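The next block holds one structure in the form of structure tokens; read it before the comments.
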């Protein structure tokens with residue numbers, strides 16, 4: 001199985017957990033795209049009555065095109081389940097997210113969810129976080145000073161660019177990717193980053209995920225990370 005087939009596998013498995021009447025957070029990224037496709041099929045074929053809440057403009061556009069009823073996060077009192085991808089998941093089920101530059105909205109939706117599920121192919125399961133760059137969302141104003149503070153701490157920051165243009169988030173902020181390998185104390189790092197003036201949010205998703213579905217060639221593995 002290639003990587004896309006593994007992603008499709010876990011996406012299809014994840015939608016089995018969505019029940020009639022649920023308010024569901026829809027993540028962002030290549031794996032989630034397969035999940036949203038599968039959810040659209042269930043809505044169409046089973047007349048599944050659910051409401052989706054998106055973590056990005058591109059997921060919202062995909063869901064609407066598939067006929068999935070959508071609301072904004074501020075229009076729902078809670079979310080029953082959020083299904084999202086992850087860039088890295090460590091042995092203790094701490095995660096790094098934000099490769100798709102949607103980490104702020106993803107975290108807002110996740111913390112307002114009763115349950116959080118991450119769907120990944122097996123390459124995303126690691127012993128310790130850090131090989132994947134850690135995304136940090138910062139406001140543009142003063143971002144060079146934030147960058148220099150990060151560099152002084154030894155975080156090896158890099159402004160994220162595509163075609164020599166700064167990547168912009170859906171909130172029009174920018175992303176600084178940190179290269180800290182390994183991340184030995186993610187909780188301490190998270191505290192340090194969130195207290196830097198100009199930092200909006202970081203891509204450490206700690207003590208948050210309940211269920212992880214991992215795509216293997218022999219089928220999806222469902223792991224209960226925490227109650």
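Any Cβ shown, glycine's included, is placed from N, Cα and C.
Among the features that Swiss-Prot reports, active site, proton acceptor is placed at 106. Residues or ranges marked as substrate binding site by Swiss-Prot: 28, 29, 30, 31, 84, 85, 86, 87, 97, 98, 99, 100, 124.
Note: the Cα of residue 28 (substrate binding site) and the Cα of residue 106 (active site, proton acceptor) are spaced 8 Å from each other. Listed in sequence order, 85, 86, 87, 88, 89, 214 are the same-chain residues six or more apart from residue 124 (substrate binding site) with CB atoms under 8 A from its CB.
Non-local contacts of residue 84 (substrate binding site) by the CB criterion (under 8 A, 6+ apart in sequence, same chain) comprise 25, 26, 27, 28, 29, 32, 55, 97, 106, 109, 110, 116, 117, 118, 119. The least crowded of the binding-site residues 86, 97, judged by other CB atoms within 10 A of its own CB, is 86. By the criterion of other Cβ atoms within 10 Å of the residue's own Cβ, the least surrounded of the binding-site residues 28, 30 is 30. Around the Cβ of residue 99 (substrate binding site), the number of neighbouring Cβ atoms within 10 Å comes to 21. The secondary structure of residue 99 (substrate binding site), as reduced to three states from DSSP, is coil rather than helix or strand.
DSSP classifies residue 84 (substrate binding site) as strand under the three-state reduction.
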